[in-house]
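The structure appears below as structure tokens.
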Amino acid sequence: MSQKSQFAYRSSKSIGLVNASENYASPPKFEAISEPARNACYSPNGKLFAYATATQVVINDTESGAKLTQLPAANTYELGFSPLGKYLSTWERPGKEADGTPKQNMKVWNTETGQLVFSFVQRNQTGWNLQYTCDESLAARLVTNEVHFYETGNMSKGPIAKLRVEGISDFALSPGQNHAVAVFIPEKKGAPASVRTYSIPNFNSPLSQKTFFKADKVQFKWNALGTSLLVLTQTEVDKSNKNYYGETNLYLLGITGQFDCRVDLDREGPIHDVCWNADSKEFGIVYGYMPAKTAIFDNRANVVSIIPPAPRNTLIFSPNSRYILLAGFGNLQGSIDIFDAANNMKKITTVEAANCTYCEFSPDSQFLLTAVTSPRLRVDNSIKIWHITGAPMFYEEFNELYQAFWRPRPLNPTLLQNALTSASLPSPPTPHASASKLAAKPSVKPAGAYRPPGARGQNSTFSYRREEIDVMSSGSANKHVNSSRQRVVPGATPVIDGNKKNNKKTKPAVKQVAQPTAEVSDEKKIRSLCKKLRAIDDLKSRLNNNEKLEATQVKKIESEGKVLAELKALGWTPDA
């Protein structure tokens, strides 16, 4: 594996940069940190890496790992680089200054000098960052009914252009060389929703537009060249009651305005995923009720390839456009299929990545990184790297892993051409020693029937209820059988009717059920109190980080002594 391949991770206790070579070591000048970090990201060109702690934001060079800049941006929760890495945006929670004015919580920094370039109030965390043109000459942000455009070299001067569209709720700048913007206006008072594209800064008339109903929100998906736009629409509620998550539709628009259409799909059901190929000539869709169907379309919405139905909901094209990944994540099993587009969509391998929450091709398209992260899943957190042939390359476990991702790298056109013309697959390199653990990891056993925590490790506490249901279902036809069985309430003293035969059967049953009931009650109390104690510890940690707490949260911290006293009364010890 090339030394240029690198990935980063953020866990509960550390930040790491790892050169993905045979020894999987950090860059020579990278200083490992042992304090928690709130976010981390690479610049899109892969040259810079930034992470935010409670007190500052640090920017590192990715090749050497050396620390370049420290920004005085405390309490930063979000980070985002401009396309060429010249600017870094930071976002912190909204608040007020000492004089009561809103705090300018969104800030833009120059990564070379560390100077603050621009700041403003940004209340919403969703869509918080500026959007840039590919050359970084312009930056844009959404305000009420307008998109404001700034010259990046002189943001403090204010917007140089404004696109006013009544009711606009979302926008997306084109990544192409010709500067363009797409905007979405949702349905209102019976009028249809619409998507329009404009050339910047000529806003007199749109380049293209499409109107449609059944659209409460959209996802914009430009191809890499910025010549075509996919618009995935979604309603909050499916009025036909066929889909719990609302109704989805897909539209394709050409930037010149000479072509637009709704992408017709031959199966009912939701659109699970849609994405462009890196060559900008094709896009793929996973759609329909499970098992879902996958189809590849050209840039005129004509089907060029179909992959057989399977329980999959995620589609990813490799950066070199040769490989197609289909996976079933979320509530599906976690199987990943990899297909070779250069060999008539032949399946290369299937990788089992149970509970995977993140999946990404390496920039050279030879490797796959899968990760299980918190808070989505708090068990089995790990990073796994696989070769494109399915061979395991690297494996590392974490107590709590929050992020893991490859360093971006511009694709070499020569490598792209070679990948598409070569009929053979690359051979896997020598794996890291940790890969043996991944290869030897046992398959997941069936979980079996669910049992409540208090009933685990002992006879079922629900056996009485099951027996009662069985008896009741037999009805009056078996009255002579029912008359010989006495109903017993768990934990209660049985009624003695003087019949020795019945007493012999009843007493053991009462003994089995009554004893665990008291134990379960105490266990539940201890678990509930321990949960309160953990919440108090978390609040104390936030208080130590100078976070402002609500009055109810402060009161909760003050109740720590009472909680500990109740736990000790139940026989709990800190080591238990």
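Residue positions begin at 1 at the first shown residue.
Yeah, the Cβs are placed from backbone N, Cα and C, and that goes for glycine too.
Features reported for this protein in Swiss-Prot:
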{"type": "REPEAT", "residues": "71-119", "note": "repeat 'WD 1'"}
{"type": "REPEAT", "residues": "266-307", "note": "repeat 'WD 2'"}
{"type": "REPEAT", "residues": "308-349", "note": "repeat 'WD 3'"}
{"type": "REPEAT", "residues": "351-396", "note": "repeat 'WD 4'"}
{"type": "REGION", "residues": "422-461", "note": "region 'Disordered'"}
{"type": "COMPBIAS", "residues": "475-486", "note": "compositional bias 'Polar residues'"}
{"type": "REGION", "residues": "475-505", "note": "region 'Disordered'"}
Counted with DSSP (H/G/I as helix, E/B as strand, rest coil), the repeat 'WD 2' (266-307) has 0 helix, 24 strand, 18 coil
Intrachain residues whose Cβ lies under 8 Å of the repeat 'WD 3' (308-349), provided they are six or more past its termini: 272-279, 284-286, 288, 290-294, 296, 355-357, 359-361, 363-365, 368, 370, 388-390, 411, 415-416, 419-423, 425
Grouping DSSP H, G, I as helix and E, B as strand, the residues of the repeat 'WD 3' (308-349) number 3 helix, 22 strand, 17 coil
